[in-house]
Amino acid sequence: MSSSPQPATSSEGHHGDTTPPSLEAHPSDPFATVNSNHLRQYYDDHDQDARRETFVSDTPTEALYDQHSTYDPYAPHDNDSDEFKRYATSAESLNALRTGHTASPTMYSEYTLNPATVDAYPAWSAERHIPLSKEEIEDIFLDLTQKFGFQRDSMRNMFDFVMQQLDSRASRMSPNQALLTLHADYIGGQHANYRKWYFAAQLDLDDAVGQVQNPGLNRLKSQKQKGGPGAAKVAGRSRPPREKALSTALERWRQAMHAMSQYDRLRQIALYLLCWGEGAQVRFCPEALCFIFKCADDYYRSPECQNRVDPIPEGMYLRSVIRPLYRFIRDQGYEVVDGKFVRRERDHEDIVGYDDVNQLFWYPEGIARIVLQDKTRLVDIAPAQRFMRFDRIDWNRAFFKTYYEKRSFGHLLVNFNRIWIIHIAMYFFYTAYNSPAIYAIGGHNVAAVQWSVVALGGGVATLIMIFATLAEFSYIPTTWNNTSHLTRRLLFLLVILAITTGPTFYIVISASSGNRSNTNLIIGMVQFFISVAVTVLFAIVPSGRMFGDRVAGKNRKYLASQTFTASYPSLPLPNRLTSIVLWFLVFGCKLVESFFYLTRAFARPVAVMVGMKIQGCQDPLFGNAICRNQVAFTLAIMFVMDLVLFFLDTFLWYVIWNTVFSIGRSFVMGLSIWTPWMDIYQRLPKRVYAKLLATGEMEGKYKPKVLVSQIWNAIIISMYREHLLSIDHVQRLLYHQVDLPNGRRSLRAPPFFTALEGGKLDSGAGATTTREFFPPGSEAERRISFFAQSLTTDIPASIPVDAMPTFTVLTPHYSEKILLSLREIIREEDKNTRVTLLEYLKQLHPVEWENFVKDTKILAEETAMFNAAGNGTNPFGAADEKAASHSKADDLPFYFIGFKSAAPEFTLRTRIWSSLRAQTLYRTVSGMMNYSKAIKLLYRVENPDVVQHFGANPDKLERELERMARRKFKFVVSMQRYSKFNKEEQENVEFLLRAYPDLQIAYLDEEPPRREGGEPRIFSALIDGHSEFEAETGKRRPKFRVELPGNPILGDGKSDNQNHAIIFYRGEYLQLIDANQDNYLEECLKIRNMLAEFEELQVSETSPYARWDAKEFKKQSPVAIVGAREYIFSENIGILGDLAAGKEQTFGTLSARSMAYVGGKLHYGHPDFLNALYMTTRGGVSKAQKGLHLNEDIYAGMNAFGRGGRIKHTEYFQCGKGRDLGFGTILNFTTKIGTGMGEQMLSREYYYLGTQLPIDRFLTFYYGHPGFHINNMLIILSVQVFVVTMIFLGTLKSSITICRYTDSGQFIAGQAGCYNLVNLFSWIERCILSIFLVFIIAFLPLFLQELVERGTWRAIFRFAKQFGSLSPFFEIFSTQIYTHSILSNLTFGGARYIATGRGFATTRIPFSTLLSRFAGPSIYLGMRTLVMLLYVTLSFWTPYLIYFWISIVALCIAPFLFNPHQFVFSDFIVDYREFLRWMSRGNSRSHNNSWIGYCRLSRTMITGYKKKKLGHPSEKLSGDVPRANWRAVLWTEVVFPICLAIIFVIAYMFVKSFRVDGKFPPSPLVRIAVISLGPIALNAIILLVLFLVSLFLGPMLESVFPRFGSVIATIAHFLGTLGMVAFFEFFWFLELWNVSHAVLGLIAIIFIQRAVHKILISVFLSREFKHDETNRAWWTGRWYGRGLGSHTMSQPAREFVVKIIELSLWSGDFIIGHILLLLLTPPVLIPYFDRFHATILFWLRPSKQIRAPLYSMKQRRQRRWIIVKYGTLYLLFIAIIVVLVALPVVFRTTLHLECSICQSL
């Protein structure tokens, strides 16, 4: 053997002097002075060979591969430990497998692999001097199970868990050290959560706890004080300085831990894990779990437990400890109604959630609240007896809310107060300085006044702080000791407010009395500088650290909240500097640019407008008040507009600088395409050798080329198997063996590496490979080029396979597709789909399909030959022409559907081919199973000795490799519904298990209740492909089956699903994967490098408890999460797929890269790797409170971050990920993200981060997460505020003369009485430009990312494609969807997990469906704004407005633009028919898809539902929405609409206050009131009359004439719409056909009616019934027998109000629908437009496109008739609209009627 490096010296000298003698060098300790030289003496080469042969011969195969030993470490249970002694361990060992590793300070283990003893835990075997044997560990578990009543299966599961942990660690360090570090991580080390909690909850001070300590360890007693027990009393008493007490306590803790025996350590770990393994929902409350463990541990060490003889019955722990807690948590959200669990109608502020339960255990005061049923406090009982009293605890009296997640916008104020201060205060400083005209005294500027007024900015900052503090009071329970610092802060702030604002009053009063002394000036200047200081202080210091520091304060009162919410991991210096520089640049640029571009430019319009009064206008009611103030009013709106732009600017600069930094980082890391080709590909083999292989030992023995060739060929062949490469390409890419002339053989490198040496290939990008290696634009090329590029970056070194840690991939699965069925592939989804899935996939992946077909044909021929050979016919007989042509025709079926015979093995191939290209679980599983292949490959390549050893027996070799892969990698899919799967799903799962026997499936198993009326029992069960079938049930027998306290799915599902399966993970790390991801072999080869990112592979051999000096203690915080890149494999599927992929690229890669560097990355789910031990001891991998934790993954990230875990991001590893592809599903996803963000704003995590992070990290957090969404809200707001501003300017422009100037700026003479508003218009252009820039800049990051990663042309081309496909329309629309979902969530709640569709979007969605889905979020807003924009355009036109027209039209028609085949004429008309039917359905019998249903559903957010249920089928149609609270409703539904209505009425009244033909018009207010309230009154009259008609006639006629209700409804709706139109025409006539006045009036009318409806709904309506009986009762007149019971008398009155509102809304929707259809008509009339539309939507060439559907003759006739009938109807409606609008415009001079009423209106 080659000489091995000697790192052993570092571990020879023993750790510090504190080591107790028992740990001194053991005579047989392999890490003591036994040198590796002397191990080597036994082995010469020949000797080794001889020995190898004997091994192979003596061992029969069965013993090698005994099923029990590898799979189930527990055999049948009767013989507790005999089972394990079956194998005698052989004394000799095959030391050829020694692995050393040059770069590491430790010596990798020399444990041996002896094939005669295949053990489940090879690193934990007797010859390695293990501290405890497997049998002893098993005894510990059995003992604990008997003492505490744990479940048997849970014990077996946890035993396997511990053994795998120890095996994983012991494979890279000595077993002794493995046990020590494990104990340190779980229980006692610096980073152990249990230790942190022990000190945070001050248990070391609790006297009662201090008395009983580890038996035999004689720990120093806590300083005993006189007086009764109880932590709360002690905490207040005088004692030595707290710091000192804490450090001595820490030292005592360390000594106790150090002196513990290994047996005790293992017992503690076992006890903790047994508590955790059955903890169910309590696992989400890590500190509650710590408390349970503490009590259990104290009890175990008491004599009473040690002397107990009879075991406690199994399941006792679950029943007495976990179930009471589980029930408490469950009953917070659910109640039992008629024997079923129903969600309570409570919002988060009334639910004591997981976090509140958990926080009770943070403080001694909280623990002291726990009382038993007989009212004794738990603290007053001796610690050893506490555990046995757990079943008597009354948990309802203990828990309370520790933070109120109230729905309100106050959270934005509290959490992000620094953002508001920076922006609003700076804006005030700037604007006050730039508009001196406002505070000029007597027309002069007084210096002192200017200083003082500008200084008020400090007052503004203080006011924001005061409001934030007041809001904070309402989110924190006042009972707790944390409101003391709030009160203190409030007093301080009031004093500061007086200092910053007081002097202004004095100075202004004295200046206006003519006093111009210097004193005033000095006071003003001092006030200004104080203000600046105050603003800077408030902007930088986190509010949690102000006046009473909760983050770094020394007071132990704050220790818990510091430990669990503010232990942010510190950044290394260069990163911290980068972070600070980044924000200096962002705000530097922003403040300079905003000063000159926004506020300086605003100075001129302000100066002109301040004193302006409009002359000569009069209103009958208000006199000239409106005219005097109109300009001031306009100015106020303009100030608001400017402020919004001031906010938007910051985000713009953030995007620019963040992108620059990120791109800079990618160049530093070497991840860019501009690295020359030579560099990337030619050095690839060397890099594979150096970076992916752990080649410390093998230097010189094997040629690197040989090793690399194996890896490279494996990658290429795997791509060939996935049909990405054809056989010709493969030949050019493989390493080949060639014969040399001298008779030796050598390896020839593929031309791919050598051919490219000549020169650069294409100009520009280096990575464009030539056609000879890859099919054009293929997936293979992308994968190889990413692989090659990623290896240019810095990658941690690999360690040998047998030393690598074990890890688990965990995938939650609910009802995602497992494998596509044949039906789904070759049959169309429904009548609106025009293509089968297979056809579509073939068009998307033509090359791969062709390769697949070639393969299949070969296979078919082989099968045929095989069969033919049996029949004795000649397979090559068909030589003549005829047969040849015949065979071509024969191949058609292959090209068409991929198989010719319907034999399952052939159809299955097609199904698999399709499933691997859709988003299925099969794709995920087969992708992730590449880990197993990669581990086998690496093990084989790096240990050629193993290959030689098994040379004669390939099967044994394969088993050996399997064993290694199974030991290092596990894959668990958590299928919560598995036991309820239908037959097809079960077959698919079976197929998965057969294909991948190592796949483990965790599922929920139900058993009927033991006694009548009890709850069913639910189990977590685990099966894999090796579990045998049970004869009686036909199902697989689970390996483990652990009972749960009740139904685990209490939240939104996903996190509960992960939590129930988490007990089955094994090893040290977890990778969280979704059921729509993929992975590739070449990425899986990097797994060891990925796991090395956790920085735990190089372990020093010193005990973690040896010495805790300051230096060690301050060592880097542990890595909790390592993020990886995602590649969106749906990116080339049309424009929407590409946009979704682009979003992911910018967020998941570009911003993650820079954010991880400056410490702002959180966890976004997948495909991140987690430090499993770190996360599971801190509350699991996600949070699970229903609604609140909708985006469950992010909370895990915030939790880890707040508790001190680092979060890294790697660039060299990527997984595939599918995204939603249809317009609707993408927006569902957007809505889910938006509502989830709304919930995050309420959460306590945001509160902690927002009020405790230092400023630069706070800004990184804010702009990376909530800032993006708040920016979206501000963009939409800016558009609306802008349109309102323009309306007011329009009223000014259309009513008064504005001074005109020549081009050179000379005033044109002869304009008496004109108003000087020219400067305004330049300001408006700037505004439009700003809004436009903010929007365009959103595309910049993606463009630069493409530029760097794929080259110039690719980037330009992708952008051209996106803009050509109208992506800006989509962006604008999705911005509005984000905004709407956040706003509605913050007001009403109702966040729920929307299952996002993962299919391909080829189905055309009907117009009515799209209208009902998007009317509320966007179309109504768009339509209102369109009318406003129309007025602006009429009153003053500027070409800049085109941009606004585009954006607003996008809000209205985007859903239809991105609907496949929207513009086919026949479908358009059929759609119109469907729309009319949808509008009118559901009145005589209930219908699940009707306008009335949609209307009721949108109303219930405000009214809520009645509790009572009748069991009508129509009850299912309504969702489960809690009623919004009155505060929220008051603001958004009452105050806000009224304000808007008032604003537009003022604008209208102003326009109508000028003389027409010499006299003032009649009162505009009266006119507006009549026209806007008239239709509502008319509706009321119509409804009353029809109500009486139906009440008297209905019951008689309904039996004869079943459509009676519909007829009455139709009459009402027709009259209502007619009335609405008639009122508008009448109004226009009153306006003397003046278009712009009519439009302005229309705006006012719309807003007044909207306000009236909203007030009626929110103030006058009681709760809604869940069914729709009342609606049908109203129209049919039959009120009896509807099940209304006592409500029969009150309901008609309520329904009357409802119907008034519904009639107006119906008429509105009817008109809006027609306007939308009118907008969509022009493209329909263009021939071949559908072809063009499909091209931009799907990115398929017209030739490849989807055929028109085939209809039968009958269907054709039907459709033709529908088109004729409804086409005519549509034309008629359009004609009516045109007539009503066009006639008055054309004939406006001649159409005049005389009427006396009209004169007075």
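Every residue gets a Cβ built from N, Cα and C, even glycine.
Curation does not apply to TrEMBL; its annotations are automatic.
Feature annotations, courtesy of TrEMBL:
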type: COMPBIAS; residues: 1-11; note: compositional bias 'Polar residues'
type: REGION; residues: 1-81; note: region 'Disordered'
type: COMPBIAS; residues: 41-55; note: compositional bias 'Basic and acidic residues'
type: REGION; residues: 219-242; note: region 'Disordered'
type: DOMAIN; residues: 263-375; note: domain '1,3-beta-glucan synthase component FKS1-like'
type: TRANSMEM; residues: 420-441; note: transmembrane segment
type: TRANSMEM; residues: 448-470; note: transmembrane segment
type: TRANSMEM; residues: 490-509; note: transmembrane segment
type: TRANSMEM; residues: 521-541; note: transmembrane segment
type: TRANSMEM; residues: 580-599; note: transmembrane segment
type: TRANSMEM; residues: 631-648; note: transmembrane segment
type: TRANSMEM; residues: 1273-1292; note: transmembrane segment
type: TRANSMEM; residues: 1414-1434; note: transmembrane segment
type: TRANSMEM; residues: 1528-1551; note: transmembrane segment
type: TRANSMEM; residues: 1571-1594; note: transmembrane segment
type: TRANSMEM; residues: 1606-1629; note: transmembrane segment
type: TRANSMEM; residues: 1635-1653; note: transmembrane segment
Item to check | For the transmembrane segment (448-470), distant same-chain residues with Cβ under 8 A (at least six beyond the ends) | outcome: 413-414, 417, 420-421, 424-426, 428-429, 432-433, 436, 439, 441, 486, 489-490, 493-494, 496-497, 500-501, 503-504, 507-508, 511, 516, 520-521, 523-525, 527-528, 530-535, 538-539, 543
Checklist outcome for this item: Sequence-distant residues near the transmembrane segment (1606-1629) by C-beta distance (under 8 Å, 6 or more away from its ends) are 1480, 1483-1484, 1567, 1571, 1574-1575, 1578-1579, 1582-1583, 1586, 1589-1590, 1594, 1638, 1641-1642, 1645, 1675-1676, 1699, 1703-1704, 1706-1708, 1710-1711, 1780, 1784, 1791, 1793, 1798
Next on the checklist: Can you tell me which recorded stretch out of 490-509, 631-648, 1414-1434 has the most Cβ pairs within less than 8 Å of the transmembrane segment (521-541)?
Outcome noted: 490-509
Checklist outcome for this item: Within the same chain, the residues 6 or more beyond the ends of the transmembrane segment (490-509) and with Cβ under 8 Å of it are 439, 441, 448-449, 452-453, 455-456, 458-459, 462-463, 465-466, 469-470, 520, 523-524, 526-527, 530-531, 534, 547
Checklist entry - Taking a Cβ cut-off under 8 Å, which residues six or more beyond the ends of the transmembrane segment (1528-1551) line up next to it in the same chain? => result 407-408, 617, 619, 622, 626-627, 630, 633, 1284, 1287-1288, 1291, 1294-1295, 1383, 1386-1388, 1502, 1564-1565, 1568, 1637, 1640-1641, 1643-1644, 1647-1648, 1650-1651, 1654-1655, 1657-1659
Next on the checklist: Looking only at the domain '1,3-beta-glucan synthase component FKS1-like' (263-375), what is the model's average confidence as pLDDT?
Outcome noted: 91
Checklist outcome for this item: DSSP puts the residues of the domain '1,3-beta-glucan synthase component FKS1-like' (263-375) at 71 helix, 10 strand, 32 coil
